[in-house]
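Comments concern the structure below.
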Ligand SMILES: *Cc1c(COP(=O)(O)O)cnc(C)c1O
């Protein structure tokens, strides 16, 4: 058992704490589910891009799904081999594309005709053919929160099936492009299998017709999106998920790529926070804590729910009442939980916000000049600091430009 109170004392709060053994279990569950086929699990870095977390996954054999050249660099730095790295995203800049080609990663997921032409041009300049895969938008409702749905035509992601076909033909006719894969990703925090199954079938049909055109695909990239349980959501079983994909792939000899983010790291992490005050506005009870929306944005951004448990409480009184748990930021949307039941709390008590391993620290900001939390990871009783708490010096060091000019003028 991890001594969370001791961690909070040692490293201060707010503090992210990750269980690496849990990440291992999740990785093995998904890898194992696909054992009937060749598969590559490409961890979606954006869920949690701490180098130590990526490195841990690298040691398990994971690849990386990156959405910026910065993430590609993180993946390489953390020890993920270049031939296991893919680069996705609707708005890659020329410089990002050029660097990705130069880095010789597995492939780029292309999201528009215009992007394909940019890639061709940049590959020609680099005198290095670019390996690509087209992200197809299957126009399927993933039945998740609208902000994390990506597989409908009304979302900005991917291209429709007809457009995809003409892009593959364009790539086939270009000496600078090599189409190696086909890709879809319909959304995040998916709790139903059916939309994924339908998407896989639609894209598999397209893959068949491309192979008939002698477009020699090798990879079938099914994206990520498997949900986790924040409160009482139903869950997609990894084995059934894999079966649904494998079923759709009947007759296609392709390596499966799967890009889970949240599924691998979401449940592994908690955010520890200390109570600062309790207050009542009329009948409304607020628990004010030292973590805020800048540390964990999901409640403010998606109205997401995270369970909260007490790690340490001074009071013996166990009578619970409803409250909002809120942070110190000057925004009404700065809450971590609404209308949850907690016992009386006072300054110094420690709370644990659960399932905060994905889209927690990776979305953290410095709003209100708050310093980003520290992160620790534990495995088999061994606890390691994996990111220092940010300091005010770290935060402002790149902003002092004019101040320095003024100072040196003053000195003349
Ligand atoms: C965000 C994203 C993922 C990971 O999504 P999860 O819901 O965290 O599994 C995978 N692939 C692409 C292209 C993404 O944008």
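Counting starts with 1 at the first residue shown.
Yeah, the Cβs are placed from backbone N, Cα and C, and that goes for glycine too.
Within the model, the domain 'Orn/DAP/Arg decarboxylase 2 C-terminal' (15-357) carries an average pLDDT of 96. Taken from TrEMBL, the feature domain 'Orn/DAP/Arg decarboxylase 2 C-terminal' covers 15-357.
The domain 'Orn/DAP/Arg decarboxylase 2 N-terminal' annotation in TrEMBL covers 20-265.
The N6-(pyridoxal phosphate)lysine annotation in TrEMBL covers 46. Non-local contacts of residue 46 (N6-(pyridoxal phosphate)lysine) by the CB criterion (under 8 A, 6+ apart in sequence, same chain) comprise 67, 71, 261, 359, 362. Reduced to three states, the DSSP call for residue 46 (N6-(pyridoxal phosphate)lysine) is helix.
Of all the Cβ atoms in the protein chains shown, 26 others lie within 10 Å of the Cβ of residue 262 (pyridoxal 5'-phosphate binding site). Residue 262 (pyridoxal 5'-phosphate binding site) falls within a helical segment according to DSSP. Here TrEMBL flags 225, 259, 260, 261, 262, 359 as pyridoxal 5'-phosphate binding site.
The substrate binding site feature in TrEMBL is assigned to 262, 298, 302, 331, 359. The Cβ of residue 298 (substrate binding site) has 304, 306, 359, 360, 363 as same-chain neighbours under 8 Å, each 6 or more residues away in sequence. In the three-state DSSP classification, residue 298 (substrate binding site) falls within a helix.
In the three-state DSSP scheme, residue 330 (active site, proton donor) is classed as coil. Taking all protein chains in view, 9 other C-beta atoms sit within 10 angstroms of the C-beta of residue 330 (active site, proton donor). Residues annotated as active site, proton donor in TrEMBL: 330.
For ligand 1, the nearby recorded positions are 259, 262; that is, of 259, 262, 298, 330, these have a C-beta under 6 Å from one of its atoms. Among the binding-site residues 259, 331, the residue whose Cβ has the fewest other Cβ atoms within 10 Å is 331. The 10 Å shell around the Cβ of residue 302 (substrate binding site) contains 16 further Cβ atoms across the protein chains shown. One residue stands out among the binding-site residues 225, 260, 261, 359 for having the most other Cβ atoms within 10 Å of its Cβ: 225.
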